[in-house]
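Beneath this line is the structure, given in structure tokens, with notes to follow.
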There are 2 protein chains.
Amino acid sequence: MSQRKMRLGAFIMATGHHVAAWRHPGSQADSGTNIDHYIEVAQTAERGLFDQVFVADSPGLQYKGDDEALRRQGRVSYFEPVTLWAALAAVTKHIGFVATASTTYEDPYLLARKFASLDHISKGRAAWNVVTTSADNVHGNFGLEAHPDPAVRYERAHEFVDVVKGLWDSYDDDAFLRDQASGVYFDPQKLHALNHVGKHFRVKGPLNIGRPPQGHPVIVQAGSSEDGKELAAATAEAIFAAWTSLGEAQAFYRDVKGRMAKYGRRPEQLLVLPGISPVIGRTEDEAKAKWAELQGLIHPAVGLNTLASFWPIAELRRFELDAPPPWYPEPPKGINSRAHVVIELARREKFTVRQLYEYLAGARGHWVVVGTPQTIADRMQEWFENGAADGFNVMPPVLPQSLNEFVELVVPELQRRGLFRTAYEGRTLRENLGLERPASRYTASAQELAA
Amino acid sequence: MSQRKMRLGAFIMATGHHVAAWRHPGSQADSGTNIDHYIEVAQTAERGLFDQVFVADSPGLQYKGDDEALRRQGRVSYFEPVTLWAALAAVTKHIGFVATASTTYEDPYLLARKFASLDHISKGRAAWNVVTTSADNVHGNFGLEAHPDPAVRYERAHEFVDVVKGLWDSYDDDAFLRDQASGVYFDPQKLHALNHVGKHFRVKGPLNIGRPPQGHPVIVQAGSSEDGKELAAATAEAIFAAWTSLGEAQAFYRDVKGRMAKYGRRPEQLLVLPGISPVIGRTEDEAKAKWAELQGLIHPAVGLNTLASFWPIAELRRFELDAPPPWYPEPPKGINSRAHVVIELARREKFTVRQLYEYLAGARGHWVVVGTPQTIADRMQEWFENGAADGFNVMPPVLPQSLNEFVELVVPELQRRGLFRTAYEGRTLRENLGLERPASRYTASAQELAA
């Protein structure tokens, strides 16, 4: 039996995950809308045999804080994920594409269609990161008076995903004959209207595109709230997580996999991929110097802004930078549990305001590992072999530089240890991730009836 | 002064415009979801120095008729246009991409965003064909009880286009400084929230992507109803038309350009591009034989189905194929004026049922020209030089074969006559089409205030 292998995704923020990345000489400052930059990054990740690249998304400008922070932050103009990945699919062959799209603000028919299209364009390399959109400032772009509550958003999300999967099954895999001689193009018996009528949606169908090469694009989820874990256990095939200690990561891994049985699913049908933001040096000192260089690029206004979801920005500006915050907020209820982690950490470690924002600046509270390729591989191996991870969502602090370093230095180290592939195993993202191709709901029913 | 040049677009139906194209050996039968086919076609069109490629679209399966016709027609599974063009943008350099998208069934924020993204990905080669969706069988995909009336659809379309243009102007062209040394990324004074409140939409904005390279992607319109012409006169920069005689085409050209002044626009700001479906032979006899071969591939069920929007399909099946229809319907009011043309033609020419469907089978009632490169160029030149056309939307009957023939045989003939470019003039689609780059509504107001 072959050794279990790590799954690796590259989580691409345009200029890099560090909040000051765009100021670093190793970044491409205009990369949010620079297609050549993304082509370079995707091809580098493919050279490194990554399973997938991933982009986060919000259907609106995500911003809380003041103008001084706004003018200094580099994340205000960026590609729409599905169009971006469609372009990169044409100039890559193996790597998968995880696009984030919101069940709160998109339409299920149009979303099913664009992801099916991406899966055909990429010949089976598409994945959908299902989000309910936590930002509370985008509803105005869609004519809504308020951002829906998490309970409503997650209820809608469950129904939305079910509708989308049903639409993807509109055509059976073998619906198309395309027999030029007889003139029969396809079998209408193998075309199914969904006729969905639910609480949030009425969708007739069928979809106007054949079943995706992967059956369904891979379903990805992120976030670790109770609702989020339940949605992941019910529907996701990969989940991104944000933990900074082995113990927390192990608990999450057990928790989310333990919820799957009640949905008739097995633990191996869901890959848990914690985020890791590696700051790589050939020596520990070089790595530390790189980290210090990045932290030194943070303007205090930008730093304080990373704390704006915890403290009102007007109050924050009156806090002393080099003392602990004078008070701590109650974390929000159930919405975004990274907030809990951050606030607990601040209390426990008695971080100063500056230390706190420097902690968040690395990768917004995700796990930052500063070290050599060997020490970074050690930490990844520890999590991978101790029930904390099936692989990782690698979050390069600076792009393209940090991804280049990861591919040149860390990937070979993981390969030497037998932890990572030396060639792509399959043709589709599902095949590379070791995930089953789902049967159509119509074919499956027919099989069950026959059984 | 240089000679006025023809604009050429390639109107791509997956296997070709002829209703039986997919059965022809010169077509790629699975091309609706075959990305390699589209790459080949786009690169051929670019080799032929076409301004743009174009796909029609409907957000749902367009179908009227019976199962026998359905199983024999090849237009049931196809890419979503914007994802398709994003992929092709990455493997081409000059050609523009016209994607159809519906103002009746899409959302203005998401649509503005995906077209802005396509314009950045293609470095200024995106265009939006604005349609209100005439198909009356897709509303069920979007939870609606009925297809909205034309008046409502066009009212919504005017507001939709205005909102989308406003969102494209969210960032001024010079909003981004990206000064790594000082840490200033952009100027928030040059970011504008739209705050649109209208009858159909409330959209706050701003858009989360910088102003498109073209300012706005090129706005295209099709259809020749009264409402359609008015929308085109108000907003379009290119209009597709379907005429089969010089006189009709001239009248339309004058009509639509004459409506522009009341919107403060000049005639040269709108390019009129009639459709032409060329069946090309090296001799007239070869061309006629090609046409006959294609017509011979039409199964009567498919042929009758092309008439299903004029006569109920159950009645059609009782008509004699080789006699004129026993009765003629009243054309629908104002919706789709191609219907008027077809019914008038059937009466005037006393077409049999078979002749009528063979007429429509070529390119659904568009202008079919069967001939040599010289005679085809003659007809195009006649329309171009006599106030009927600024160029053409070329509709290859069979793909990829007929486009290859057009590029190899007709393009050189047009070039010899000085009617068509011998190299791309500009970098963007606007530059190639000779269309101005629109100023931002915010910058324009500032200029007017200063004046």
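Glycine is treated like the rest: Cβ placed from N, Cα and C.
Model, not experiment: these values are computed from the prediction.
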Candidate from A:D51, A:D57, A:D285 that TrEMBL assigns to the same FMN site as A:T100, A:Y154, A:S224, A:S225: A:D57
Number of Cβ atoms other than its own within 10 Å, given for A:S225 (FMN binding site): 21
Pairwise Cα distance maximum in Å, FMN-binding residues per record: A:D57, A:T100, A:Y154, A:S224, A:S225: 18
DSSP three-state assignment for A:T100 (FMN binding site): strand
Mapped DSSP class for A:S224 (FMN binding site), helix or strand or coil: coil
Cβ atoms near A:Y154 (FMN binding site) (within 10 Å, other residues, all chains): 20
